[in-house]
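If you check Swiss-Prot, you get these features:
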type    : residues    : note
BINDING : Asp8, Glu57 : Mg(2+) binding site
Amino acid sequence: MIFGTGIDIVDITRFDRLVEEGNVRLFERLFTPHEMEYCAGKARSSQHYALRFAAKEAFLKACGLGLREGMTWHDVEVVNDTLGKPELKLHGKALKLATDLSLSRTFVSLSHDGAYAVALVVLERP
């Protein structure tokens, strides 16, 4: 049964500026080391950062809340399976929230076109 859905759209040019400025402290606050390594290895890293940020926002919207009760941006991580499909990996407070809500699966879809990155998250429970 679907528990919640969330969608977020991000202007990639915001992340273009952040990458150009080398705003490492902000990236370290928003992304896990694994996410930063993945994005930095891409030709247009700002696009990949924007997609991951949109996915984190979409997850919070699907849950019906924002960052609170000690949850951090690192608690929601975007990883790729062996075929390259994006998945959400939950840690800390996000994992506890998923357990408390009896979530059984998370689905994430990422896309980009021109200056925009979009993420859709669907949360399911039994």
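Glycine is no exception: its Cβ is also placed from the backbone N, Cα and C atoms.
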Glu57 (Mg(2+) binding site) has how many other Cβ neighbours within 10 Å of its own Cβ?
21
Excluding near sequence neighbours, so keeping only residues 6 or more apart in the same chain, what lies with its CB under 8 A of Asp8 (Mg(2+) binding site)?
Ala54, Ala55, Glu57, Ala58, Lys61, Val118, Ala119
Which three-state DSSP class does Asp8 (Mg(2+) binding site) fall into?
strand
